[in-house]
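Working notes, structure below.
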Amino acid sequence: MYRPVIASRKSIPPWLIILCVLGVLAALGIIIGLLVHFLAVENKIYYYQGGFKVLDIPYDRNYERETSLESNYLSKILENKMVEAFQNSNIYKQYINSQVITLVPDNNSVTAHIWLVFKDPWSNKENLRRRIESILRQMLENNPESLTTDPGSLKLTEISKVDAEKIINNRCGRRPRMSATYDRITGGSTAHKGEWPWQASLRVNGKHYCGASLIGERFLLTAAHCFQGTNNPKNLTVSFGTRVTPAYMQHSVQEIIIHEDYVKGEHHDDVAVIKLTEKVSFNNDVHRVCLPESTQIFPPGEGVVVTGWGSFSYNGKSPLLLQKASIKIIDTNTCNSEEAYGGRIVDTMLCAGYLEGSIDACQGDSGGPLVHPNSRDIWYLVGIVSWGHECGRVNKPGVYMRVTSYRNWIASKTGI
């Protein structure tokens with residue numbers, strides 16, 4: 001019988017298998033290395049600080065006050081000029097941010113200290129610095145406005161990320177981790193990490209019961225009625241961050257300063273200052289909010305944000321994560337209507353929310369911040385959560401202590 005000849009299979013030599021495996025591993029290593037390299041390069045961030053002089057400005061101490069009208073007006077002009085200069089330059093793709101940090105008045109001039117952030121995956125960093133400096137110098141030389149600037153006074157140096165964050169976090173109302181949007185805490189939504197870095201949790205024996213706002217290294221602002229149950233500093237602690245538990249950056253309380261005219265059980269002068277035993281170390285997630293000038297006006301219809309760990313509904317459950325809600329300031333006359341609060345709202349109070357209800361502060365939010373951003377996206381403390389009729393009721397918006405009415409009192413107790 002015929003049988004076909006079966007060819008014998010030749011086995012692959014072990015050395016060839018090893019060589020193939022090593023080749024594949026080497027190729028994978030190269031690919032991963034290139035990915036890591038390009039991702040690292042793409043995310044290379046450079047930080048700078050510098051300054052220049054604005055001439056022909058009479059000496060005025062108000063330029064030193066970061067919250068003054070004069071300081072914000074001049075800073076806004078200079079920031080707009082920098083944005084325009086960089087966005088119209090050949091490095092506009094590398095540009096991230098630029099801010100005026102401080103203004104220092106002198107005889108007939110003001111020195112603007114600036115802070116800048118760029119990314120550049122390809123250029124030598126010294127070349128990038130020179131290009132930035134050149135654009136700034138050209139901006140100062142070609143100034144068509146009435147503002148007179150001194151190009152020769154320009155200075156610019158690269159700084160580390162640590163130093164850059166320290167500079168920005170020492171200024172009030174800035175949000176390095178800022179979100180591009182803030183949503184519409186009864187009817188609110190969860191806050192992002194570092195989105196509201198001045199928000200604090202006031203605790204009795206470790207349990208959250210009121211909110212507060214960080215206004216200085218050792219001072220917070222809250223509601224006086226938060227201390228109706230206890231005003232012994234030894235029982236109180238303050239913590240920060242977005243989670244109500246576990247406590248983050250917990251601090252002990254040294255002193256509670258309640259407004260002298262506050263009467264327990266009433267709503268007038270519902271303001272208190274908390275002094276901590278030690279300074280708070282500011283970082284991207286924890287730093288102070290700006291206090292408005294006593295003359296600053298926040299008109300009806302202005303958008304504001306309230307934050308806190310208060311109940312989702314009246315006598316309802318409380319969140320573990322910080323909540324935020326966008327609301328609007330309501331005209332006092334409207335809030336004093338018979339349908340609303342029937343004349344109980346005085347000049348030291350303000351209403352905020354919606355007359356149709358649903359979005360509001362609630363139990364556990366008391367003492368917390370009501371804030372508003374100015375045109376430079378710097379946030380100011382407008383109100384302190386005080387009282388209301390339950391939460392989110394129709395014609396019963398939240399009532400807040402108006403911070404501008406207590407600005408001088410706050411300064412007398414804190415030096416801020």
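Yeah, the Cβs are placed from backbone N, Cα and C, and that goes for glycine too.
Cross-referencing C351, C362 with Swiss-Prot gives C362 as the cysteine bonded to C391, criterion being a recorded disulfide. Candidates considered were C172, C210; Swiss-Prot assigns the disulfide partner of C226 as C210. For C335, the cysteine that Swiss-Prot lists as its disulphide partner among C290, C351 is C351. A separation of roughly 11 Å, to the nearest angstrom, links the Cα atoms of C362 (disulfide bond) and C210 (disulfide bond). Residue pair N107 (N-linked glycosylation site) / S366 (active site, charge relay system) shows a Cα separation of 46 Å.
Cα of N235 (N-linked glycosylation site) to Cα of C226 (disulfide bond): a span of 13 Å. The number of other CB atoms found within 10 A of the CB of C335 (disulfide bond), across every protein chain shown, is 26.
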